[in-house]
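The following features are taken from TrEMBL:
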- CYS2-CYS8: disulfide bond (DISULFID)
- CYS323-CYS352: disulfide bond (DISULFID)
- CYS402-CYS424: disulfide bond (DISULFID)
- 559-580: transmembrane segment (TRANSMEM)
- 609-752: domain 'TIR' (DOMAIN)
Amino acid sequence: ACDTSQLCNCSSMGLDFIPPGLTAKITVLNLAHNRIKHIRSQDLQQAVNLRTLLLQSNEISSIDEDSFQSLAKLELLDLSNNSLAHVSPVWFGHLFSLQHLHLQGNSYRDLGESSPFLSLRNLSSLHLGNPRFSVIRQGNFEGIELLHKLWIDGSNLSQYEQGSLKSIKKINHMILNIRSIKIFSEVVMDLLHSVTWLEVTEIKLPVEKKSLVQNATRPFRLQKLIFKESFFTDQTLSRAIVLLKEITSLKELEAVDCVLEGQGRWNMKEIARSGPSFVETVTIIQVVIQNFHLFFDLNGMESQINNLKRLTIASSNVFMVPCSIARHFSSLLYLDLHDNLLANKRLDETICEGSWPSLQTLNLSLNSLRFLEETAKCTSRLPKLNNLDISQNNFGEIPDVCEWPKTLKYLNLSSTQIPKVTACIPRTLEVLDVSENNLKEFRLQLPFLKELYLTKNQLKALPGATPIPNLVALSVRRNKLSSFSKEEFESFRRMELLDASENNFICSCEFLSFIHHEAGIAQVLVRWPDEYVCDSPLAVRGAQVGAVHLSLMECHRSLVVSLICVLVFLVILLLVALGYKYHVVWYVRMTWAWLQAKRKPKRAPPKDVCYDAFVSYSENDSDWVENTMVRELEQACPPFRLCLHKRDFVPGKWIVDNIIDSIEKSRKTLFVLSEHFVQSEWCKYELDFSHFRLFDENNDAAILVLLEPIQSKAIPKRFCKLRKIMSTKTYLEWPAGEEQQLVFWENLKGALTS
């Protein structure tokens, strides 16, 4: 179960022992949450390059003395939550590189008579203790001089030998789970000169008379003290305030998830006699006070709060700070009252005239404020306020004009249900947050604004750059932005950061071209490229904007369609030219004639033959045909029946059908050839169909009469059959002399009857 970086994850696999075959390549081995009971000498012998070994949450009860002997490069060893009944110094004798050791959650009662950590010169963090851990002896921490973090679960610690922790010269952060106030006092005495940050959990302070420092020499190192899940009464808290003032290095106090049983009846006289407090920062989070509405106003604490610089009271049901107390926070720079019960009626008392004179930052978020105009008016009493957070209050409406502190530079109005932004927003701002307000536009004139946060609104476009010329950072994440142009982007001349992620972008050609070619845009866009995704076109939905490249057709559809139309027109023009040159139309017409003829019998039955000949002639030769030839043939004995288009075509019938039917109903087709005939389109068609009939039936149904001399090459080359007839058979020529004309008529009549 090893990856390419030689991290082997064998956790939660139900293993009863360390698997064999471990090699020198492995750097991280995770065997947590298995059923391993025993670590043998040979189990880890070959894993000489191991840096991390995780064995927590097994059932380990015994470890061979030389099990870790080959792990000289090991940096982290986690043996927590097992069943070790003792801790042996031999285990750690060769772990010269070890920095983090976790031994908590086992079943040992003490660390032995000496120190198990003598060889661990590079140890940085140490976790130890368990519910059975009851004894700490002098010498248990010998060999450790510097720790970044020390965590001791001593909830049932009953014996602590004074000076046991003094051997550690410096501890940056110590977490102590302890219930015995006696041992707490002894531990604090030992840690005054070594610990910087002390965190105490689950302690229940009694009324302690004994000093915490006694004869300890100054200066002390302890600067920060945190109580977690602890229990106080009015009496124990009063005494604790007095005792903690003896630790002159203490600058920061914090209480988290604690319970105070009382109403604020503190021993103010004793607190005042003990002198001023050196604490500069107080943080109180989720402190439960039974009957908090009956809590006293802490009159008499004025002398203890003059030097306080930072105060946080969060999630603790604060609904008011009396004006008499507020005026004594003369040095307070930072006040955080978020997630409480402050309403506008009580805010007027909390921020009264002359209160909080030095305050620069105020957090009133997540309270019960309802009126923005009144809230602004109250804060205008703070002469030095420049940072105000009133987010997550349900204002609902925003007036057109508001009165704010003249020094205000940062304002957080996010999640306040305001439907728009108006001139109520002060022009002095450098940072404005109006996220999560369903705003549809932003057009405020804010000449000094450098940062603007518009996350989770309904904006469809970037705000205009002209009213906010100095903007450096802009967030429009999770709006209705579909795109933004090069001009919009470049109009913000000082823009360094733009967060437009999680919008539904329309990946148009213009937008993609701008994104792909704008120099340095990747450095400006926050969360680029992972959170910039196309919503349309459908073909690229869900793809990252930076990875999408549309085709030429998709980007220049009109141009491509125009080019295709021009190309099609040119092709058609070319086909027409070729068709004209190579007589394609003739072939088409021949095909049509063939299709028409196929619907009829090859020869009309004798009863359907009505004419001796169909006469095809040019209109320019009609005088000779109608006045000379028709008279001669139709008045002969016996007479011939001729079909003429002027006389015999059925009115209203398609002319093509008339031609085809007339030729089909005639025994012969008589062509009166002349120069006019060759130029006539309809004569050509009649010639076309006759040519087809000759080709299809291979007979002599056509009779050619040359009205005037004409060469056979004058007939188009495509009429190969007729050209062959003219070149191989005799055709009739109309003579000029009368005697020859008599012979002509006799020959023509003979041809018609043959």
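Note that Cβ sites are derived from N, Cα and C of the backbone, with glycine treated the same way.
TrEMBL entries are annotated by machine, without manual review.
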### Message
Using only C-alpha positions, which one of CYS323, CYS352, CYS402, CYS424 is spatially nearest CYS8 (disulfide bond)? These are the disulfide-bonded residues in the record.
### Response
CYS424
### Between CYS352 (disulfide bond) and CYS424 (disulfide bond): CA-CA distance (Å)
22
### Neighbour tally for CYS352 (disulfide bond), based on other Cβ positions within 10 Å of its Cβ
17
### Task
Would you report the average pLDDT that the model assigns to the domain 'TIR' (609-752)?
78
### Query
Distance between CYS2 (disulfide bond) and CYS323 (disulfide bond) at the Cα atoms, whole Å?
65
### Task
Ten-angstrom check, please: count other Cβ atoms within 10 Å of the Cβ of CYS8 (disulfide bond), all chains counted.
21
### Task
Measuring Cα to Cα, tell me the gap between CYS352 (disulfide bond) and CYS402 (disulfide bond) in whole angstrom.
18
### Summary
Listed in sequence order, the residues of the same chain lying six or more positions from CYS323 (disulfide bond) whose CB sits under 8 Å from its CB are GLU349, THR350, CYS352, SER355
### Query
For the disulfide-bonded residues CYS2, CYS402, which one has its C-beta crowded by the most other C-beta atoms within 10 angstroms?
CYS402
